[in-house]
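Visitor: Dropping a structure here in structure tokens format, bear with me for questions.
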Amino acid sequence: MPSAFQFQCHLVLIFLAASKGETRYLEVRDAGEDDPFLLLSEDLKRELSAGQIYRRSLRCIDMLSIEGQFTFTADQPQLHCAIFFIGEPEELIAIDYDFVNIDCQGGDFLKVFDGWILKGEKFPSSLDHPLTTSQRYVDFCESGNVQRSIRSSQNVAMIFFRIQQPGNGFTVTVKKNSNLFPCNVISQTPSGRFTMVIPHQHRNCSFSIIYPVVIKISDLILGHLNGLFLKKPSAGCAGVGDFVELLGGAGLDPSKMFPLADLCHSFHGSAQMKIGCDNTVLRMVSSGKHINRVTFEYHQLDLQETETRKENSIEEFCFPSI
């Protein structure tokens, strides 16, 4: 049986893979924290002419993957609401408040979070984000008109809000900005190909795939300096400032996941791994001294593949959770 994490995340992301022009709504029977993703329905594809802004109303629990102007108006007290935003790996999310009518003094709130939170777990993790957890929240009731425009640090962001008075609400405009060197990414789809480059930056970057997958690394460059490779360490990745690790687990936060493999030697070829965990993360640790790059592709793991082991596959993990 799928875990609660799979049930939530898979429903949120599956519809994003269907088509870029389609809008999907997430509906809930009860806006409680324990079952935010219960029913999925589909809008007809909308063809927008050049320059036309897409507009629609928001639900208490919702997902947005396209640009446009979006409005939430409470028809009853809404106490636990969240809007999830996601873009392509090379995109950043820009959220602008156009109109806000909430009762901050009466207990309403409207907060943007730089990343995603599910069941108390954060992406990116606190270890991999340039801001502290408190700095990742922008509270409208505290900042007011001072900060009406918020930019994410990666391809995901979200809004938490509580609105108790029917008729109150807010309107936001969502845009996407280009990110030349994507760092922390949640994949919209269960398959794809990606190259992560960290150019002389002291930072850690994670690519999260919320599906059981087969992941194949085809190119890895670590410690590249002036066209030369540094000498390989004698054994393991202990003490190495630049390396790639594969993680697996049942939650969203990479820092709480199980390490499956470390790669600290540059190579050109193919290294493949089958990972049956609810969430698979490829994480690059960079010292900032070099240009590091890794190219990989992935596709969703099916039950038939769990029975057929390939010659170049590393040991399999997490298959009881499928």
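Using the three backbone atoms N, Cα and C, a Cβ is placed for every residue, glycine included.
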Visitor: Tell me, from CYS141, CYS205, which cysteine TrEMBL puts in a disulphide with CYS183.
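Guide: Within the candidate set CYS141, CYS205, TrEMBL assigns the bond with CYS183 to CYS205.
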Visitor: Restricting the comparison to the disulfide-bonded residues CYS237, CYS264, CYS318, which residue's C-alpha is spatially nearest the C-alpha of CYS104 (disulfide bond)?
Guide: CYS318
Visitor: Count up the helix, strand and coil residues in the domain 'Corticotropin-releasing factor binding protein C-terminal' (185-306) according to DSSP, in that order.
Guide: 7 helix, 70 strand, 45 coil
Visitor: What is the number of other Cβ atoms found within 10 Å of the Cβ of CYS183 (disulfide bond)?
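Guide: 24, counting other Cβ atoms within 10 Å of CYS183 (disulfide bond).
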Visitor: Cα of CYS81 (disulfide bond) to Cα of CYS277 (disulfide bond): how many Å, rounded?
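Guide: A Cα-Cα distance of 28 Å.
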Visitor: Among CYS81, CYS104, CYS141, the disulfide-bonded residues in question, whose Cβ has the most other Cβ atoms within 10 Å in this structure?
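Guide: Of the disulfide-bonded residues CYS81, CYS104, CYS141, the highest Cβ count within 10 Å belongs to CYS81.
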Visitor: Cα-Cα, whole number of Å: CYS318 (disulfide bond) versus CYS183 (disulfide bond)?
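Guide: Between the Cα atoms of CYS318 (disulfide bond) and CYS183 (disulfide bond), the distance comes to 26 Å.
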